[in-house]
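According to TrEMBL:
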| type | residues | note |
| --- | --- | --- |
| TRANSMEM | A:20-43 | transmembrane segment |
| TRANSMEM | A:77-104 | transmembrane segment |
| DOMAIN | A:78-282 | domain 'ABC transmembrane type-1' |
| TRANSMEM | A:116-137 | transmembrane segment |
| TRANSMEM | A:157-176 | transmembrane segment |
| TRANSMEM | A:214-237 | transmembrane segment |
| TRANSMEM | A:257-282 | transmembrane segment |
Amino acid sequence: MKNSNKGQIKESSKVAKVVIYVILIFLAITIIVPVFWVFMASIKENQEFYRSPWALPAGVHLQNFADAWEKASMGSYMLNSVIVTVIAIALLIVIALPAAYVLARFKFKSSKFWNVLFMAGLFINVNYIVVPIFLMLNNADIFMRKVFGGPFFLNNLFILAVVYASTALPFTIYLLSGYFKSLAKDYEEAAYVDGAGYFRTMVQVIMPMAKPSIVTIILFNFLSFWNEYIISMTLLVKPELKTLPVGLMNLMAAQRAAVQYGQMYAGLVIVMLPTLLLYICVQKKLTQGMTLGGLKG
Amino acid sequence: MKQRKGRGRFIFLCLAPAAILFIIFMIIPTIDVFRMSLFKWGGYTADKTFVGLQNFVKLFKSDKFYQAFQNSVLLIVLVTIITFSLSLVFAAILSREKIKGQGFFRVIFYIPNILSVVVISAIFSAIYDPTQGLLNSILNLFRGGENPILWLGDRKIVIYSIIIAMVWQAIGYYMVMYMASMANVPESLYESASLEGAGRIKQFFSITLPLIWTNIRTTLTFFIISTINMSFLFVRAMTNGGPDNASSVFLSYMYQEAYTNSSYGYGMAIGAVVFIFSFALAGVLNAVTKRDEIEF
Amino acid sequence: MKAKKVISLTMAAAMAMTLGIIPEKVAHAEGEEQTLNVAVVETAYGAQMWHDVCDAFEKANPGVTINLTIDKKMEDIIMPAMKAGDYPDVIMRAVGAATALPETFIKDNNVVDLTDVLSMTVPGEEVTVGEKILPGFVDNSITNPYGDGQTYLMPMFYAPCGLFYNAALLEEKGWEVPETWDQMWELGDKAKEEGISLFTYPHAGYFDAFFYAMLHESMGTEMFQKALRYEEGIWDTPEATKVFDIITKLTTYTEPTTPGNANDNDFQKNQQLILDNKALFMPNGNWVIGEMAEAPRAEGFEWGFTALPALEEGGERASYTFFEQTWMPKGAVNQDLGKQFIAYLYSDEAADIFATVGNAVQPIKGMSDKLDGDAKLYYSVYDTGAVAVMDAFATTDPVEGITVRTTFFDPVDSLVTGDKTEEEWVEQIKKDSDELRAALKE
């Protein structure tokens, strides 16, 4: 509207702008205040939690963090979480990228079938397939015990990472192939003319272009792997193998026992901080990754 | 493109790992869910009895299932409509208007999406507290402290309290998505529309909306899938289905039956229904919203 | 890139090997070496006392190693292994919890008959287990879930449930602790004038103990047992109606914000109402004291505890006795050793550890005499004439879509908010009882 010279419109658009600012700022406050509140709660002493939740902390009680880290073993759970998340994301990228590329840009006999199958996978909810997965791994373990004398599949951080990567495949392939579809055919044609094989074309020409999309899927999947607890709780039974969110559940209210609120909120912050940090690091790329067409088609 | 040597092998090598993992860890377990829905099984021990479709028959006779069904549908509809319109409007404002601190708003609005549900439920428990909560404290300024509103304790209100939390959590995610696709709309279209005297609102409806339509359709599917899943996590963390079952949803009812009522087979029947329902709903929505692709 | 991929894959494989798994402890039976797997849910009593008791048992039985799993969410830890057919030998988890662990085993006929433990001699003592256990604790419908005269679940730490209140507040106001429900309503009206509500409850699940005790007061033992088996027409009797009427009336005296916090997250806020003198009574068990130990409270606050008021002057006053249970799944490998361990839990040595380390009281004779201070108050409730009620609804085959909690107790929330009427509540109970009755274990 910058070309409009009509004073009236200018007036009303000024009012509109003010309204817009008010709304934007209001929404921003509804987000900043509660997040800030969690940080405040994490430095409160236990007795303070029985008073108004919005009272300011009486002092900085950092002992909560030490307790959560040491006594509630959040430190070692953190290591487990890092291991699982890193392996799962690495696997996911190595496996999903080529698959998405092929599904998006090659027509072959069963390409339609696979596209539809992976789409259908979007509708499968881990909350109900977790027990079948467990039973399957367990049967495999019974077999392993017989043949190799020890179980392998359960209580294994690597297997948990494989399961995470597998359950994230439909969404990841969906995002990536949407991006690949938006690319012009010329890139590959040119590479083929230069004599590059399929594999080299994919790795050297297409992948570099997909970087922003890869950042996006890393963030999305990091969030879901890092916060996941239902699969983790089921497949990792040994206490020393717990991941962060499962450890957090133990800090939460259990009935008929006093709750260590301070520790619990410190635990919440410990779980939350890495996600916040990663997000702030990649937030620019996040929009960019989608900008490049991540979700088209 | 002319067929080249090794094409088939290349396709196979790229697709096989993903396909194998996907089949082992998603397809087979899903088939297992459908299979188990035909059995009566407590969940811990070996006693399984084949009961055919009996679990489904019971399901469709159960008031509690209808309650959960009703709540889930209400959540899907309202969360989708509210989140969709708000995030679309915010996306349009943030990408088309000259707003100071645009980047700041974009970053902040996305934050709820990266928080774990546990954090969100702790936050909302402090907001919804009947006497000391933020919401009632503010409302008390206008209506006095008599008869505080029980955000999580009133059968008629609780589901809306959950909707508010879910919308709060989801807006940023969809906003960033819409902003991303709006950035793809060529600036020249707006310039010429502007020259023709079209106002911002008209521009939004005649340019922005049609051009990001494909993206919108995609997100509708996401809305269905994620609302079913997120509503479970929210309900489990905030109310556990209470008060008196008023906030139970598909998957919370499934959990209650499969894991606390020794009715694992029945629970899996719920899982099967949810899968089919969400699949069908997405299909219907997809067909209804089909428009001719607009290229730009 | 190709090389990188290969490297990352080998690394991943190597990780898989190293992360692998800690080698399994195999229960080997060579010589005297034996491992007993014990799974215990951690409650307000804490975990330490269990570690101490297990140590003491190991000391008394050379060659025995106890593999103790104790956790607030014990089910989550052992459930996966159990689904795989790998069961702990001894489990302590009471009926009535949301996870319904023992219920599931009972429903599936998968608990070991422990009747013979009762005639075992307590290790290191002269008496048998059965002689030591307080009367009533091994012949109720919880420990004998099938009603066949056999004991399948062994009673552990008991805790009287009743109404908790601020004794100092009542004294200050000059109010008597009500002995009948009529006095209760009078007190409710008086308190209302002072802006205090008569009643609150942590969450609807706490009505189980309350409801059982009320039924017993109204029906007497024989009819109460019939009600627990959902006998036809039982909910239409005047005795049952009285109970429904009282609970419904009580909901009108309930602190109005109660349902807003009546969930697993926020229920302590309702308990706080008592500490803040905003409500007078709540149904609870003595664990509430530890649970709220750090909470701020009104000046001079002092816990008071009473059995439920009687229906009429001189009528029965009941207090539900909550107790934990130990039991053995049929899949237990070391059944004999497990039974020995259970018998040991009733020895003076073990009972003393439980009492001193965790303040947990075993249901054995003479135990409550050894208590002092606060604890004495709760356990002496039965000495002052209150009747101990310790049964629960009979176990049924799983009835899909119906649980005792959602049918009987959850609707209390709706009664308070006025979203359901007493008739609707009772109708639902009658309807669901028909189905539960049909699924009763024979």
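Yeah, the Cβs are placed from backbone N, Cα and C, and that goes for glycine too.
Contact between the transmembrane segment (A:257-282) and the transmembrane segment (A:157-176) does not hold: fewer than three of their C-beta pairs are under 8 Å, each pair 6 or more apart in sequence. Outside the transmembrane segment (A:77-104), and at least 6 residues removed from its termini, the chain residues within Cβ reach (under 8 Å) are 111, 114-115, 118, 157-158, 160-162, 164-165, 168-169, 172-173, 175-181, 202, 206-207, 210, 214, 217-218, 221-222, 225-226, 232, 236, 241-247, 270. Residues 49, 53-54, 56-57, 59-62, 64-65, 261-262, 265-266, 268-269, 272 of the same chain sit 6 or more residues outside the transmembrane segment (A:20-43) yet have a Cβ under 8 Å from a Cβ within it. Counting residues 6+ beyond its ends, the transmembrane segment (A:116-137) has Cβ neighbours under 8 Å at 103, 153-154, 159, 163, 167, 169-171, 173-174, 230-231, 234-235 in the same chain.
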